[in-house]
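Participant: I grabbed these lines from TrEMBL:
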- 404, 406, 409, 435: Zn(2+) binding site (BINDING)
- 57-461: domain 'tRNA-guanine(15) transglycosylase-like' (DOMAIN)
């Protein structure tokens with residue numbers, strides 16, 4: 001009898017507690033205006049949680065609760081640190097720590113690791129410990145988004161990986177075997193993203209068919225794998241610039257238990273991503289994102305320009321990679337675009353060399369007949385950088401960027417880095433990479449601050465004014 005009375009009392013107390021919680025929750029929700037806030041909460045299996053309160057469609061949040069490093073918390077919009085062969089280009093572990101000691105996720109393209117998966121598997125502890133980077137989380141993607149992927153080489157049941165040893169065909173079973181050996185913290189499903197704005201309807205349809213088929217096989221093998229069953233997998237949305245095909249891809253992937261989405265098929269990596277035209281991309285991207293679930297993160301790979309990146313953030317993309325600062329360093333460039341919100345719209349005081357838009361380069365310049373920043377080595381738009389090999393910097397004693405706190409800018413002048421670059425000294429790309437990565441990490445801090453303070457448009461305007469000043 002006493003036991004029954006105690007149970008009845010506990011039941012009544014629980015009922016009262018539930019009622020109080022409901023009233024508090026109702027009170028909290030009723031005081032939020034949907035006109036003022038766009039809030040969401042994203043959950044990635046048991047691996048991470050992303051939550052946000054922000055104006056506009058730009059999303060602000062944090063990723064946490066990773067299985068291997070549970071104390072790691074990463075804010076979004078998030079920058080993945082690009083690696084090649086499980087190492088950030090030009091930077092040793094110690095140099096990477098000098099750039100940033102914050103928690104980071106390393107993007108590890110399988111194309112740069114596939115030749116080493118047998119050794120990693122024999123090691124038995126995964127790619128993070130194998131590479132001496134166990135303090136960093138890692139995410140395995142299929143292709144290297146910083147290097148152009150040759151078009152037209154995928155086959156019906158496999159995709160082509162262009163390694164140093166040549167072309168390798170890989171099917172979903174082999175792909176998952178490689179992922180099991182690497183033991184990443186999350187990974188991308190196998191994808192056929194071989195489409196651009198010029199792709200035929202037939203090629204686009206096949207990319208969607210193959211991507212859906214690959215995702216289904218990868219999801220099935222992942223569930224059966226003791227190593228990967230709890231590892232988050234991101235599915236890929238393909239379809240080129242065909243809205244109908246992209247929506248079909250989303251519909252056919254809905255039955256899969258995935259942790260998020262990667263928007264693929266807008267470019268073939270490398271410079272093709274840098275040369276994306278926003279007016280072509282925007283309508284397709286808008287329709288695609290509106291059809292994706294709000295509670296899952298979205299990633300966009302490739303070295304897009306800072307202005308395109310801000311446009312993608314404003315549309316609700318959460319995850320990007322650091323291939324752009326690497327590509328700039330590879331061509332002896334130093335990022336100098338404004339990466340913070342300038343107080344009071346302070347003007348840029350330095351007079352920089354003018355840079356033509358790629359669309360305005362004349363045939364003679366394309367042939368290399370004229371010497372300017374656009375016509376050296378490759379046709380790229382260098383409006384966000386300075387070409388440190390330019391003779392202008394032969395005796396320039398200023399740092400790459402005034403008031404920059406990176407190791408390179410604190411210790412060395414433009415003149416010295418010009419000397420290193422023109423004489424092909426190994427230290428040249430090291431210092432440029434340290435600066436560019438530091439500059440870009442700070443850019444993402446500014447993006448998150450701008451979203452929080454509803455100043456994303458102000459940051460965008462600052463960049464546009466900078467670009468206009470260099471075009472004139």
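For all residues, glycine too, the Cβ spot is worked out from N, Cα and C.
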Participant: Tally every other Cβ atom lying within 10 Å of the Cβ atom of residue 404 (Zn(2+) binding site).
Facilitator: 19
Participant: Given the binding-site residues 406, 409, 435, and counting only Cβ atoms in the protein chains shown, which has the most within 10 Å of its Cβ?
Facilitator: 435
Participant: Identify all same-chain residues not among 404, 406, 409, 435 whose C-beta atom falls within 8 angstroms of the centroid of the Zn(2+) site's C-beta atoms; report them in sequence order.
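Facilitator: What remains near the Cβ centre is 399, 400, 401, 405, 407, 408, 410, 434, 438, 439.
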